[in-house]
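A quick write-up on the structure given underneath.
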Amino acid sequence: MTSPILRRDLLGTAAALVGTAATLPAAEAAQISGSLPWSPSEGTPPPVEPTQPYTWEFFTADEAALVGAIADRIIPADDLSIGGKEAGCAVFIDKQLAGNYGKGTNYYLKGPYRPGTPQQGPQTLETFAQRYREGLAALVAFCASKHGGAAFTTLSAADQDALLHEMEAGAFYTGPVTSTAFFNQLIQNVREGYFADPIYGGNKDMAGWKLIGFPGARYDYRDVIGRRGEKLDLEPVGLMGRPGWNPA
Amino acid sequence: MALKRPKADAVIIGLGWAGSLMANELTMAGLNVVAIERGGWRDTSTDFPTSMDTDELRYATRRELLQPLSVETMSFRNNPGQQARPLRDFNTYQFGWGAGGAGSHWNGMTWRFLPNDFQTYSNTVAKYGKGRFVTGLTVQDWGVTYDDLEPFYDKFERYAGTSGKAGNIKGVIQPGGNVFEGARQRDYPLPPLERTRAAELFDIGAKELGLHSFPVPAGNTSGAYVNPLGIHMAPCTYCGYCEFFGCGNWSKSSPNACILPALIQRPNFTVITESEVMKVNLTPDKKMATGVTYIDKQGREWEQPADIVVISAYQMDNVRLMLLSGIGKPYDRASLTGVVGRNYANQTVSGAGVFFENENLNPFIGAGALAQSADDYNSDNFDHAKLDFIGGANMLIHSTNGRPIGSANVVPPGTPRWGSEWKKTYKDSYQVGNSIYNQGNSYPHEDVFLDLDPTYTDRFGRPLLRVTFDWNENDKRSGHFMADRAVEFGHAMNAKMVFRNEPTAKHFSPMDNLSSHTTGGAIMGDDPMTSAVNRYLQSWDVPNTFVCGASAFANNGGYNPTGTVGALTLWAAEAIKTKYLKSPGALVSL
Amino acid sequence: MFTFRRIVVAVVCLGFLGVIGAGALYAFNRAYYSSQIAETAAPAPTAGQIARGHYLALAGDCIACHTAPGGQPYAGGLQLNTGFGLVAASNITPDKDTGIGGWTTKQFILAMHRGIGDHGKRLYPAMPYTAYAKVSDADLTDIKAYLDTLPAVHHDVIANQMPFPFNIRLMMVGWNMLFFDLGGQQYKNDPTQTAEWNRGAYLVQGLEHCSTCHTTKNLLGADESGKFLQGTDLAGWWAPDLTSNKRIGLGSWSEDDIVDFLKTGANDRMVAAGPMAEAVHNSTQHLTVPDLHAMAVYLKSLPASDDSAPSPVPANIPAMVAGRAIYAENCAACHALNGTGVPGMAPAFVHSPSVQAQNPENMIRTILAGGHVAATEINPTAASMPPFDWKFTDAQLAAVTTYLRNSFGNAAPAVTADEVAAKRKEIGARATN
C-alpha cells in the first residue's frame, strides 16, 4: 500500500481541510473544529418546579388519588417524617409520566414482543405511561373485587397494606405480566419521588433527605472530609437552593 | 448516493477515551484526523456543570449521559440453547454517548493490570499445569506483556492526572502502595486522595487478616494538576457525583477534561457529532478499508474516505462494527472457529454487605475512585496450588454514590421493601452500611461470545449485538472462594452484620448491574486463528484498520479496564506513528 | 470587542460636524498626509520580512475583526453592531476586486495611520487606526508583505451598512481633525526610559491598541486625556484599570504575572475571559516573552489611578449572610471556600482587582450567562464559567456578588438586585427557573 499521508505535510492537509469545509452544506452544524464551542446561557437546566395548586398532566383525579394513597403506604407518614403523598410523590410521578420517561423515549420498545427469562429483564413493549394506566386500572378492579366495589382510597391502612402485599406477590395481571412487575415499578417511582430533588415535584422541603441525613446538591466536602466518623448535620441544599440563600 | 467528504488521513469512530487518545497522538504526528461521534458534543461547563450535576434522578436513575437504549441495545441470553431477548431497560452495559464517551461518566479507577493478567495462559501452564483450566476455557496470552505496556500506562496516568501510591518502583517495593503491582518507572503524578472512615475500617480488617491495604489509583485529582498537554485540572472536592455523572469541576480524568481542550484547537482535527457510523467500507477484495459510511444528524448518508480507520467505540460496538463491516471471520460456536465475537469476558463479582454499629460513614462524601483495597487475592498474587480455579479478585471498600434513591436498597437482607419498617431500617442503615466489593478476573469460555442478533434491530434497522453469557465453572469456583474472603473481611472489620454476596451462584443477568466492565470479542494475540487483531491492535485481515478498546483484552483483569484501554491505545498509536506510517501494511508478518 | 457605544455617540455628534465644510477638510487632510509617505518601488519582500509581518499582524489582532464567524481568515465580514447600524470589517486578503490586492504599501500605510481607505473612503474608528498610527512604516510594510502572501479570497464585504445619516463617512473627517494630530503620531522613543520600556510602550500604544478598550472615551469617542488605561465600560463589559493601582489595577501583579496572563490566558490569580479571552487567544499568546515582558514593564510604570477604598460592607447584613451561603454551596467547588481559586483555571478572589472593579458588570454578567475563557497553546484548558441565570434570583445573585466584593480582603460597594435585573435584561439571560 502507498499512503498519501507520507506525501503530505501538516500544512497541506490543514489547508485542504479549510478549503473544503466551506463547500460542505451549512446544515452540517454538528461539525466541530478549532476551539471548544461555547455560547452564553447554554445548557439544559432541570425542569421548572410544579406550581401550586398543581394541575394533573397525566393522571385523572382518581388515578392521582390512588397513587397518592399507594405512596402513603410505600412510604407512610410516621414520627420520622411525612408520608409519600404529602411529600409530593404522586405529583412527581405524574410529571415523569407526562414527560420523556412516560413516553419511554430512551428505552428499547421495538418488537417483536416475546416473553423472556427473568435474566433477560422486562420485555413489555408498553411505555411507562401505558403501564401505569393499565396497572392502576387492574388494581382498581382487583380492589373492587376484594372489597365489594370499594375504592382503595377508602380502605383502612391495614386493608390497603394487605392488598398491596397481594399485589406484590403477583395476585393479578397487568397486561401479560403479573402485578409484581407493576408493584416494583411503583416502589421505584415512589422512592424517586421521595428522594429526588424537590424541583421534580416530590421530596417536599427536602423531607426525604432530612430523613436519612443526606445533604443534597452540595459539591464540595473538602472542609469536612477530615472529620472522619463525625456526625456532620449539614443542612440539605436543593438544585434551586435552600431558604438560607435568600437575603432575609 | 452518499454525500462524500474530503479524504482524511485517519477517521476515528467514537470519541471516548480510546478515540480521543488516538486522535491526540495522530494529530500531534501531523495527520489530518476526522472523528465521528454518535452522540453530541459534551463540555464540562455546558453539559454537566456543578450547578446542574448534583441531580441523582436525571443522571444516575435516568442515566441521561448514557446512550439511550432506543438508539441501540444488546440482546441477551445465558447460553446458546436459549433465544436472546433485547435488554429494554437500563442495565449493566453502559455505553458512552457523546464526546468523551463512557470516559465522561465513569468512576475513575485507573488500574494497571498485573503482569500475570497478560500471560495467564503460559504462567498457569508453567506453574499449575494445563489441567488447571476448566473445560471450555479459552485462556490465551495477549501478545503483549506488562513490560511492553509500562511506558504507556505511565503516559496515560500523566494525561489523566491519576492520584495514587506506587507499590513497586523499578522493583523496589513501596509500603502503602499495591505491593503486588508490576514494576513501574515512577510514582503516580498525584498523591492518593483523602481518606474516609470507610478506608480506616478497611485498614482494620486488612491488618487483622495480614493483607496489604492501599488506596485505589484514582482518576480523581487529589490536588490541582497540569497534564503534559498543558491542560489544567482542579482538585477533587469529594462531592460523590461521579458514576453516571460528568465532573463539574474538571477533577475527574476524562477525555473532556484531559484531552479534548488541546485536541480541538489543532487545525488538523475535526469531530462530526450526532452522526453514527454504519460500517467501515472495504475494497472489493476486503483487504483494505477505504473509509466509513455514516448517517448525520439530519439523516443523510455520508462517506468519509480515509487511509486509516480506527474503531474506538464501546467494546461491544467495536465487535458489532467489525461484524457489520465484514472485518475478520465471525466466531462460530459450533465449529469453534472464527475470531470476531470470541473471548468475550465480564467481571466475576462477589462480596459481602457490611453494617456497622455507631458509625457515621458519611457516604455522601466520596469520589468515584475513592476506595481502599487489597490485592492479596487477585490474579495469581496468591498460591493456587491447592485450589481448583485460576484468578481471583481485587477487594475494596468504596466511598461514593451515597445518594438517597440509589442507596434505598442498602439495608440488611430480609428488610421489607416498603412501609414503616423499611423506612426506619433505611434511616438507620444509611450511615452504617457499605460493602466489600470483589472485582474478579473473568476468563473467556467457548460458550460465551458475541454475534449479531437474528431478530432484533437498532434504530436504523441493523441487527443488535447478541450477548451469550453465563458464569463458567472457573467463575463459580473463584466467586465462591472470594465471597468467603469478603465475609471473613467483614468480620475482621468488626462489622455488626455481614451478608455474603455470591452472584456466581445463580445465572448471570445484566439487570443485576454487577459490573459494566465487559471485555473481549475482538481480542489481540499472536495468532490470527485465535485473535482478531495483532499485538498492535491492527486487524489481521484489514491492515489499515485498528480496533482500540477493551474489545482487545484476551481476558479481564480483577480491575476496572480503563487504565489498560488507555495504555493499549497509546501503544497502538505509537506503533502507527513509528512503524505503520513509515511502512504501511501488516505490522506483524506471519 | 470595541467601544461601540462610545463610537455611536461620536457618530451622532459628528453628524453635526460633518456638514460643516467637510469636503475641504478632507481634501486638505489627504493631501497633507499623503505627501509625508514616499511611494517606494516595492522590492520583493524577504522571508524574514513576511515572518515579521505575520508576527506583527498577530500582535495587531487583525484576524479578530477581519474574519467572519466560520469564514475564511482575513476575508472580512465580521459585523460590528453599533446600535445605529452595522459596520462590517473589510476583506484584507490580496484579492484584487474585493480585498486589498490592488493596494500599494503606501495606500496601506495611509489606511493604518490615517483611517483613509481605498479611494479615499473614511474608515470608522471601529478600526483602531488612532492606535495603529503609532506603528512604524517599516512594521506596516512588513504586515502588508505578510497579508500579500495570504490566499486571495473573493469575498465582497459591504462595509458600511449604517443607515443615513450615520453612513456619511465624511463625518469622520471632522472627528479625525479634532482627535487626531494632523502631523501623524508615530511612536517616538522616550530617551529617558530603557529600550525595553520603549518597546513595551510601542506595543501597548500601537499594534496591541490596549487603549481602544481600556481607556475612557470622551463624548465624541476619543480617548479622554488623563485617563489612559484606567478602565472603562465597553459595551456591557468592564475593561479594567491597567495602571499600577493596587486595589483595582495591576499594582498587585508582578511583571511575570502579566506575562503569564498574556501568554497563557491565565496566571495564578486570574484568567482571561470575555473580550480579553479573544485578545489573548488571537493575539497576545503569539507574542514572544521578551515582547510581553516589555509590555509588562511599561504597564507597571503607569502611575496608579486615583482611588480610595471604601469600607467593606459589614459581614452580618442579610445580603452578606446569604451571599456567604450561596458562595459556599455554588462557587467553592472551583474557586475554593477561602477564595484562592485554582491556578491557571479558576480565578482567585483574594484581594482581587477584578472583583473590586469600579463597575461590577463583568461579575454580574459572568455569573448570569457564564464566561468563556481563553484557550492558548500553552494552556488550552478553557474552563468556562457555567451560567447561573436559571438558578439565582436577582437578589441571590446580588447577594453573592456583594459577598465577593466584601470578603477575602476586598471592599467595594454592594450590588443591588436592580442592577442584576438590568443586566439580565441587557444580555438576554434566562429568567430563574
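Glycine is no exception: its Cβ is also placed from the backbone N, Cα and C atoms.
TrEMBL does not curate its annotations; it predicts them automatically.
Small disclaimer: the values here were computed from a predicted structure and weren't measured.
TrEMBL annotations:
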{"type": "TRANSMEM", "residues": "C:7-28", "note": "transmembrane segment"}
{"type": "DOMAIN", "residues": "C:48-151", "note": "domain 'Cytochrome c'"}
{"type": "BINDING", "residues": "C:Cys62, C:Cys65, C:His66", "note": "heme c 1 binding site"}
{"type": "DOMAIN", "residues": "C:195-303", "note": "domain 'Cytochrome c'"}
{"type": "BINDING", "residues": "C:Cys210, C:Cys213, C:His214", "note": "heme c 2 binding site"}
{"type": "DOMAIN", "residues": "C:318-408", "note": "domain 'Cytochrome c'"}
{"type": "BINDING", "residues": "C:Cys331, C:Cys334, C:His335", "note": "heme c 3 binding site"}
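Put simply, of the binding-site residues C:Cys65, C:His66, C:Cys334, C:His335, the one whose Cα is nearest the Cα of C:Cys210 (heme c 2 binding site) is C:Cys65. With an 8 Å limit on C-beta distances, the binding-site residues from C:His66, C:Cys213, C:Cys334 that reach chain B are C:Cys334.
In the three-state DSSP scheme, C:Cys210 (heme c 2 binding site) is classed as coil.
Rounded to a whole number, the distance between the Cα atoms of C:Cys334 (heme c 3 binding site) and C:Cys62 (heme c 1 binding site) is 34 Å. Under the three-state DSSP scheme, C:His66 (heme c 1 binding site) falls in the coil class.
Checked against C:Cys213 (heme c 2 binding site) by C-alpha proximity, the binding-site residues C:Cys65, C:His66, C:Cys331, C:Cys334, C:His335 yield C:Cys65 as the nearest. Summary of the heme c 1 site environment: with the site residues C:Cys62, C:Cys65, C:His66 set aside, the chain residues having Cβ atoms within 8 Å of the Cβ mean position are C:Asp61, C:Ile63, C:Ala64, C:Thr67, C:Tyr74, C:Gly76, C:Leu78, C:Ala89, C:Ile92. Spatially, by CA atoms, the binding-site residues C:Cys65, C:Cys331, C:His335 include one closest to C:His214 (heme c 2 binding site), and that is C:Cys65.
Close to the recorded heme c 2 site, the chain also has C:His209, C:Ser211, C:Thr212, C:Thr215, C:Leu229, C:Ala239, C:Leu242: residues not among C:Cys210, C:Cys213, C:His214 whose Cβ is within 8 Å of the site's Cβ mean position.
If you take every residue in the domain 'Cytochrome c' (C:48-151) and average the pLDDT, you get 85. Taking only the Cα positions, the spacing between C:Cys331 (heme c 3 binding site) and C:Cys65 (heme c 1 binding site) is 34 angstrom. In this structure the C-alpha atoms belonging to C:His66 (heme c 1 binding site) and C:His335 (heme c 3 binding site) are separated by 36 Å. Rounded to the nearest whole angstrom, the C-alpha distance between C:Cys334 (heme c 3 binding site) and C:Cys65 (heme c 1 binding site) is 33. In the structure shown, the C-beta of C:Cys331 has more C-beta neighbours within 10 angstroms than that of any other entry among the binding-site residues C:Cys62, C:Cys210, C:Cys331.
Across the domain 'Cytochrome c' (C:48-151), DSSP assigns 44 helix, 10 strand, 50 coil.
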